[in-house]
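Report on the structure given below.
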Amino acid sequence: MVPSWPSTGCWRHLPVVLAALTLPWTATLAAAEKSAGDYFVHSLPGAPEGPLVKMHAGHIEVTPETNGNLFFWHFQNKHIANKQRTVIWLNGGPGCSSEDGALMEIGPYRLKDDKTLMYNDGAWNEFANVLFVDNPVGTGFSYVDTNAYVRELDEMAEQFVIFMEKWYKLFPEYEHDDLYFAGESYAGQYIPYIAKHVLARNKEAGTKQWNLKGLLIGNGWISPPEQYEAYLQFAFEKGLVKKGSDIASKLEVQLRICQKDLAVGESAVDHPECEKILQEILKLTATRGKDNKLECYNMYDVRLKDVYPSCGMNWPSDLANVQPYLRRKDVVQALHVNPNKVTGWVECDGRVGQNFNPVKSKPSIDLLPDILSEVPVMLFSGAEDLICNHLGTEALISRMAWNGGRGFELSPGTWAPRRDWTFEGEDAGFWQEARNLTYVVFYNASHMVPYDHPRRTRDMLDRFMGVDISSIGGDPTDSRLDGEKGPETTVGGTAGNGNADQEAEKAKLSAAKWEAYRRSGEIVLVIVAVAAAAWGYFVWRERRKRRGYQGLASAENGAAGGVMGGNSGFRNTHGGRPRSDVEAGDFDETQLDSLHVRSPVEGQEDARYSLGAVSDDDDEEEEGSAAGAKGKEKETGKAAESS
């Protein structure tokens, strides 16, 4: 006779057995219970006095099989103008965090020091919800197994659409917003690819339409050939290099090598022989400073100099505060950063950039004509940027054919005029537009235009989105094109918080939110019912066993043993597979993180420029260390040794 468990033994093992029986359902329950409230940021260390901007932050899984999670930081709009809008912002790299945009460019706060935030006058969340995403996986606070970094642009875009679908399920009240993608530098590749996938998704049967209304790309890396050829032209026009000089002759030789490579090679996002042009400009124009240190031009703002070979990677000055702030334990906890992410925040992750090698991807310039047939696009450029300079952008526009014409030609021999832009009485730049494409040049601006001119870029954004402030009041800014005031926009504060239309919009959004919560509650009830049924079945079998059903008792002992073993197994696995490093903990955080431009230092061909990237080691300050570029990583050759 097979003995049955004593009554005391049965109840002693009951918690373990019940846990084993219900563990799969518990995992599902936990996922179902994840709601917008779990991402709500209740407080933000160092925030200025007064009401906190409503925000949510955290991770969304995009590739469960490789622990791929994208981090987001969402700020709600301060006012609703005539409609709801959402702007998704991406920085470049590849591998540079969009927290650059959040804390140094268009977010509601900027850092006064590494502990104190202050309001950003000109933040983009005045009339639009703004969503910052560390993209692709591995960038900033995002993470992924170290053998699963993204390599191609389509792969990146596919993962981003997954992120958006899951994000809208959490926040359904935003799914019907007018949607805009914005970013800078290497985001000039990201944004068109994401837009292509969003437009394709909208054409699929049974999908909710996302109201993609426009793209904004600042100092974008879009068409490599035009940008490579513009380096030397820009250097001549800015007086960095004198025409006819020995330096000019050497650079012209490298340009011809590049042109030959472009003529025989396939269209690609990067061409190593052409990358050397920028590297050579920085090397050959370096000079000795007052302290006898070798100095070079800042490739992101040629009005400035930097110690060679950094050439701009110590810029902007706000970087000195951003990394310490985002590594604070209380900040990490406030933003719901997964504690399993074992490395601290870095501006530009060199591992992401080194693995992102889109050899199968075409440059995004190939996508723009089709996108322009459906969606307005705005390209804007800071006039003092070298690495993704405005001359290259103007060349790609002139050569591109879209919507029945080429470039800004309105008719044979007639081009769209460049309209002088003044902002609050100052010359701000110029605007040019035709057939769904708008181009804006910002005078006295760097690679990171919003860093230099937050108010002007907010005015640009509001005009592009068609913001109408008549419904909310506020003093319109004095912004003119050729002396004429256009639609009224406002930069700074507004007179009031809205009208009946705004209240109706808020009521509609609230209803959508509660509907999502109701659906989540129904799912939870179903899961609890299933778990209860499993427990009831277990109790029924135990009672039958104690009544002496020998065969059943024998089977029950085997089943119980299997369940107990399963419980032990679950403790060591995740999702039915062995747990792997969320993000390789053996990564050497003393290495300098880089962008896409390899350092021009002699003997350091594997290092990369990373627009303003800083070392992961706060104490690493040695001259000659590798570095990279915050917007677009570019491969460069060797640099001459310092004399």
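Here the Cβ of each residue, glycine as well, is placed from N, Cα and C on the backbone.
In Swiss-Prot this protein carries:
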ACT_SITE  SER185  active site
ACT_SITE  ASP385  active site
ACT_SITE  HIS447  active site
COMPBIAS  489-500  compositional bias 'Low complexity'
COMPBIAS  615-624  compositional bias 'Acidic residues'
REGION    471-502  region 'Disordered'
REGION    556-643  region 'Disordered'
SIGNAL    1-30  signal peptide
TOPO_DOM  541-643  topological domain 'Cytoplasmic'
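In the three-state DSSP classification, ASP385 (active site) falls within coil.
Separating the Cα atoms of HIS447 (active site) and ASP385 (active site) is a whole-number distance of 5 Å.
Using a 10 Å Cβ-Cβ cutoff, HIS447 (active site) registers 32 neighbours. The number of other CB atoms found within 10 A of the CB of ASP385 (active site), across every protein chain shown, is 29. ASP385 (active site) sits 11 Å from SER185 (active site), counting Cα to Cα. Looking just at the topological domain 'Cytoplasmic' (541-643), the mean pLDDT is 37.
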